[in-house]
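Copied from TrEMBL, the annotated features are:
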type     : residues  : note
DOMAIN   : A:7-131   : domain 'Na+/H+ antiporter MnhB subunit-related protein'
TRANSMEM : A:12-32   : transmembrane segment
TRANSMEM : A:38-55   : transmembrane segment
TRANSMEM : A:67-89   : transmembrane segment
TRANSMEM : A:109-133 : transmembrane segment
Amino acid sequence: MKTNNLILQTATKVLVFIILLFSVYMFFAGHYEPGGGFIGGLMASGAIVLLLIAYDIKTVRKILPFNFIKVTATGLLFSAGTSAGALFFDKPLLTHWFTYVHPPLLGKMSLHTAVLFDTGVFLVVVGVTMTIIQTIGESE
Amino acid sequence: MSARELIELIGPLFIFIGTIFTFLSAIGLIRLPDVYTRSHAASKSTTLGVLCTLFGAFLFFVITEEFVSIRLLLGIFFVFLTAPIAAHMICRAAYRSNVELAEQSVQDDLKPFLKEEGMKDQV
């Protein structure tokens, strides 16, 4: 049966962008304010779940052609890589390092390797949540 | 009371109005007869109540701490956008699963249309 889901689908088109933007904001705010990789990843997967509710699983797979198990693996690689990277500089495991840079237009920025670790957390959370939901949703 | 203290009261005033609206909507949720009228009470006045409360908090932080919280503005926009859609989806799901209208209702324009399409039995 063809259902007429116009209101939900039109709203989703706007809402997904707001949720994704807020998840990215949460991810980058993590160092100085509440937020971080975990909650950002959960919010991003929440946006994808909203897409899944408004459209169907095939459409979402066409929009986001990722294998979410591989996303999880990439996240684990990021986290393991940044924690093991300290070993190359003769420092203990999980030692992080930061510096201040002055790029044009953006002013003084502090770049920290903990962001890379957090990116790993973000990817793992998105990958695991989406794998769980897609696996449950597909089984008949 | 000085002028500054009076200005600081604007935020709490909005929060108070929002609380009253939310309370009224809770009363409507109890007293109204069926799902559709209850959803009408719950979606409209709660949305306005939450918007007033968030706006009051926004004003309070702007006035007392000179901090413009863009997250509260985004929250206002988000609730304003999502709450009516949620009510719409709930009412629609209720209608399509044959939840009866209240006894006082006199007209149901959607019913003959859905019967014609043969949708009502399938959903």
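Even glycines carry a Cβ here, placed using N, Cα and C.
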Near the transmembrane segment (A:109-133), which same-chain residues lie under 8 Å Cβ to Cβ, leaving out any that are not at least 6 residues past its ends? 27-28, 30-31, 36-38, 40-42, 44-45, 48-49, 52, 68-83, 85, 96-103
Chain residues outside the transmembrane segment (A:12-32) and at least six past its termini with a C-beta under 8 angstroms from it: 39-41, 43-44, 46-47, 50-51, 53-55, 112, 114-115, 118, 122
Same-chain residues near the transmembrane segment (A:67-89), Cβ under 8 Å, at least 6 residues beyond its ends: 95-97, 113-114, 116-117, 119-128, 130-131, 134
Contact set of the transmembrane segment (A:38-55) with the rest of its chain, CB cutoff 8 A exclusive, min separation 6+ beyond the ends, reads 5, 8-9, 11-12, 15-16, 19-20, 22-24, 26-27, 30, 63-64, 121-126, 129-130, 133, 137
